[in-house]
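The structure appears right after this line, and notes come after that.
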C-alpha cells in the first residue's frame, strides 16, 4: 500500500507539474497509462469536483482507506483550517469573496497589503490541502473561488515590477552612477550565488579576487576557483548569449554555462550530464538514463509558444525550478540554474535577479514547495529579487514617467577590470 500512497502523492501534485511536458515523462514512468490530456485534467483544480476526476482517484483508496491515506486526509483538513484562519482578516473587514468574483479589480484595490497577503496565503494553503487530499471538497470549493483573484494579484505585482524596470532605461548610459551600480550588482551576483552553495568568501574577498586575480590567504583554492568559474560563466552569458541575433535557448547553451561554472573546480564533469543517480536532501532527482529525454523536453518547453506567453518572471522562475528538479549535473546545478534564469530575464529586458545568501532557507523552502505541487510561491519569491534589483537605480530617475515597452535585453556591463585577462589565480 505504501507504493500506492507514492502514486497518490505523485498524481495529486500534477496541478503545477503538468503545465509543461518536462515532468510528464517522470509521471509516466511512475504511474503509467495516463496521457498528457488525462494528466492535465487530473492536475486542473477547476475540474476536481467532476465525477470523472473522483473516479480516477478512487483506485488509490481501499474500501477502508489505508493509514497513509487517512494521515493525508488529516493533514489536508488541518491545512484547510489554517487557510480559513488566514482569511479572517477579510471577513472581519467586511470583504466578501463572492462580490470579488464579480469585480475582482475593485475588490483587490480595496484590500490592504496585509489583507492581500493573507488572501494569497489562504489560497496557497487550500492548494496545499488539495495536494494532501485532492478529494477535500471544501478546499476545492474555496480554492476555486479564490484562484482567479490571486492570479490577478500576481499579475498586478508583475505590472508594478515592469514599471520599475522601465524607469531604469531613463537613466543615460553615460551616467557614472549607473556604471557603478552595474559593477556592484555584478560582484553581488557572483558573491551571493556562490554563498548560497556554501562558499565562505566574503563580498570583499570576492571583489578582490576578481579585480586582482591574486590568491587569497586562508581560503581554499576550490572556493576561489568557484568564484572564477562563475565569473567566466557570467561573462559568457553577457558576451555571447546576449549579443547578436538572439536565438532559442539550447541544451548547448546550458552545457556551456555549466562548463564554465565548473571549469576551475572539476574539469572532468564540467559541461556534462551526470551518469549516475544522485540524492539532494529529501528530493530524489530522476535517474541518469532519463536525463537526455528530460533535457530535450525542457528545452522544447522553454522555447515553446506556451512558455513564451508567460510573463518573463514566471518563465525564468519556472525554468530555474525545472532545471533544479531534473538536477542534470553532479555539481553546479544551482549556479547554472540561476544563470539560465537570469539569461531569460535579461533577454526580456530585466536586470539579473540576485537571490541573497540571507534568504537561502526560504529559497530552498519554496523550491521544496514547488516539488510538492505548488510552484507559485517560488515564482513570487523570484519576483521580489527582480524588483529589488532596480532599487539602487530607481533613486536616480526621480518621478520621470516610465517607458511603455522594454528593450530587447538588459544592457549588462561586464566587469571591465578583468575583461580579457586570463582566468587563473596568480599567487604572490
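Quick reminder: no glycine exception, Cβ is built from N, Cα and C everywhere.
Record features (TrEMBL):
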ACT_SITE  327  active site
BINDING   280-283, 331-338, 363-364, 371  ATP binding site
DOMAIN    249-384  domain 'Fido'
CARBOHYD  238  N-linked glycosylation site
SITE      197  site 'Important for autoinhibition of adenylyltransferase activity'
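Features recorded in TrEMBL, as mapped to the structure shown.
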| residue | record | DSSP (3 states) |
| --- | --- | --- |
| 197 | site 'Important for autoinhibition of adenylyltransferase activity' | coil |
| 280 | ATP binding site | strand |
| 327 | active site | coil |
| 333 | ATP binding site | helix |
| 363 | ATP binding site | helix |
| 371 | ATP binding site | helix |
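Nearest Cα neighbour of residue 337 (ATP binding site) among the listed recorded positions (197, 238, 327): 327. Residue 197 (site 'Important for autoinhibition of adenylyltransferase activity') sits 22 Å from residue 238 (N-linked glycosylation site), taking the C-alpha atoms as the reference points. Listed recorded positions: 327, 335; maximum Cβ neighbour count within 10 Å falls on 335. The C-beta environment of residue 371 (ATP binding site), restricted to residues of the same chain at least 6 apart in sequence and closer than 8 Å, consists of 283, 325. Around residue 280 (ATP binding site), the same-chain residues at least 6 positions away in sequence with a Cβ under 8 Å from its Cβ are 327. As a whole-number mean, the pLDDT of the domain 'Fido' (249-384) in this prediction is 95. Checked against residue 238 (N-linked glycosylation site) by C-alpha proximity, the binding-site residues 282, 331, 335, 363 yield 335 as the nearest. The Cβ neighbour count for residue 333 (ATP binding site), using a 10 Å radius over every protein chain in view, is 22. Set side by side, the recorded positions 238, 337 differ in how many other CB atoms lie within 10 angstroms of their CB, and the most is found at 337. The highest number of surrounding Cβ atoms within 10 Å, among the binding-site residues 282, 331, is found at 331. Around the Cβ of residue 363 (ATP binding site), a 10 Å sphere holds 20 further Cβ atoms from the protein chains shown.
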